[in-house]
Each structure stands twice: as C-alpha cells, then as structure tokens.
C-alpha cells in the first residue's frame, strides 16, 4: 500500500522493462515444473484434463455452438463461442466428471489419486458449515516477526516487478495503450489493500496479479473491467458458502497438476510475447536476457545445496529464501544489467520513449474513473497530487501522424 500511495512504483516503472519481467515470468513457470510433475504423475487422468484444455484453447476456440433462445418474441438459435469463452471451466468440469465416473463404477482402485470419494474429502464436506463469515482474530491474535516481515517485504517487491509486467502485457493483449503511472500505482495499492484484508481475516494469502489470466483474456477476448468486478463479487459470495469450498476440495490432485501445467504454458507464451517490443538482434539485449535466465536457474540451485550460514539466524532465513527464489534472482539480475549496460535506446530495450505514447488504444478514459466519479474528484482540492489518482492533462501528442489527447 505504501508503495502504491507514494507513487514509488510509478517511478520504478522507468527502470522495469521486458528484459526484467520476461525472465521473471519464465523462471516462475520453470520453478513450478517439479510441482507439476509431482501432481501429474499421480494418475494418468491429468493427461485427459490437459488434452481437453489444450483442445478448447487451441483447436475449438473459434467453434461456435448453437444455443436456443428468443429474439423478437420468436424462437432463435444463437451461435456462441462457448469453448473460447470458458476453456478452463469446460476442461475442469469435463475431467472432474470423468473422475466421478471412474469412482462410481470402480474403474480405478481404492486409494487412487483420481478418486473423489476419499475419506478426508468426504469428512471435510460433512463437517463444514453452510455459511462462514471471516472476521479479524478468528484464527487467533495477530503476531509480528521481524524476520518474516522483512522476508515478505522483499517478496512483495518481487511481486511488484511481476505485476508491472502483467499490467503492460494485459494492456497489449487488450489492444490498449500502456498503463500510465497513476494506473500502475493504483493497481499496486489495490494489491496491497487486498493483502492487508487477507492478513486481517486470517488466510494470510497475499494478493497479486495472476499471469495466467492474461492468457485467458487473450483466449476469451473478454477484458471488461465490469466482468472482473462481477467475477470478484461472485467469488466473494462463494467464499461465504463454505460447503462449496469443501466440495472443491474433492478435485483430484492430478487435475490440479494438469491445470497448473496448462496455466504455466500460457505464462511462458505471455513472457515470450512480452519480448516482441525488444530489439533482440542486439547482442546487448540477448546477453542481458540470457544472463538473467542463467543466473535465475543456477544461483538458487547453488544456495539450495550450500545455504548461507552466519551468526544471525533471521538474516540467514531472509538471504536463503531470496537467493533460492529463481524469480527474484532473475528479475534483479535483469533489472541491474538492463539499466547499467549501454548500447541500446529505451525503445530498443522495449521501454516507452520519454514523452511519447505508444500507438494502440487511444481512449483516454480507459484508465480513469467513470465521468461522475471524475467530476467529484476534480472538485476536491489536492486530489490531483495523489500519485494513484488519474489526472487530466492539457496538451497533445502525436503518434504515427495522429493527434492524441493527453
């Protein structure tokens, strides 16, 4: 929250480019390989789930399904891009139903990872209440640990790097202009506020952008903010109905591995697409990207075998966690090298030239509040100086011969 409120992240975006974000995303995907293999290897049903998901995303995305409806008080068949809009939901439900069939007809042995009638899962469903409202202190009084605080602060900074890259990637996929500083500050502020609420309510799960969702936006072609708002409200309601959460716990682990593998595939695609604005013909850019990737792969493995040991246990914990985190090492290396090595312009590094707007979406209201909200904010003195608030600027800029208002 502090980073978003003060506008610090807006200043950091001047130094965070694709050569910092892309290694971070790729290393994030590579770091999940062992976990994916662990889940997928439990049962071959994960292959069914992965094949179904890839089929809906790659082969059936443009197939339109006729849906009956009414138009002008007459029966009408609507053609809906069902597979393209709900690929993950269709794949998960299909494979989940397949697991239920395997369980009902005993086509898989007792204790198999593909069964949905495990005693633990059934017990959780039976003992869970229908409604559950979280509140501060429900799981005990909050505690403070300096070592953990510093550790999570540094981890949050790594998450900020990823989020900034995700914002730009989402804008590119949505065919909008890159987000201005105030929008990035507001996004980080929202993530910090969500993490604060999560910590107060007990789960302790930090809120951050989900890179896989950028791939989903590209597949479904749905990037409306109102859609995201309604989805968030829907998930909040589901979170209050604890029986649904208990029911979701019956999803077999192999399916989780299949979804994770498919999602990480989209992350890799977004990471590579993020480099399309970088001039990779320059040996300088190739070196920065290559060294960042290798540092992110080698350094964590080294410190995993030979951890840091000194007299301060809290410092050991912080250094070992950070140096064993591929995303942090790769992103930090990429950021330092990209900003200290010369031989490339900002445009060749994939960064926006100073004082210029990228060609793309030209709707100046994309990153602003609704008009009625902007009218109210503009009447409040001093609001325009808050870094996370949208600002109305006077003047013009030209991109490709077209005049664009600022």
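Each residue, glycine too, has its Cβ placed from N, Cα and C.
Heads up, TrEMBL stuff is auto-annotated, nobody curated it.
Within the listed segments 171-191, 192-212, 255-275, TrEMBL records transmembrane segment for the stretch 255-275. Of the two recorded stretches, the transmembrane segment (287-303) does not lie close to the transmembrane segment (229-249), with fewer than three CB pairs under 8 Å once pairs fewer than 6 apart in sequence are set aside. Here the transmembrane segment (323-344) sits against the transmembrane segment (144-164); at least 3 CB pairs are under 8 Å, leaving out pairs fewer than 6 apart in sequence. Note on the transmembrane segment (144-164): residues 3, 9, 12-13, 16, 20-21, 24-25, 28, 184, 187-188, 191-192, 195, 206, 208-209, 211, 313-314, 317-318, 321-322, 325, 327-328, 331, 335 of its chain, located 6 or more positions outside it, place their CB under 8 angstroms from a CB of the stretch.
The recorded stretches the transmembrane segment (82-105) and the transmembrane segment (229-249) do not share 3+ CB pairs below 8 A when only pairs 6 or more apart in sequence are counted, and are therefore not in contact.
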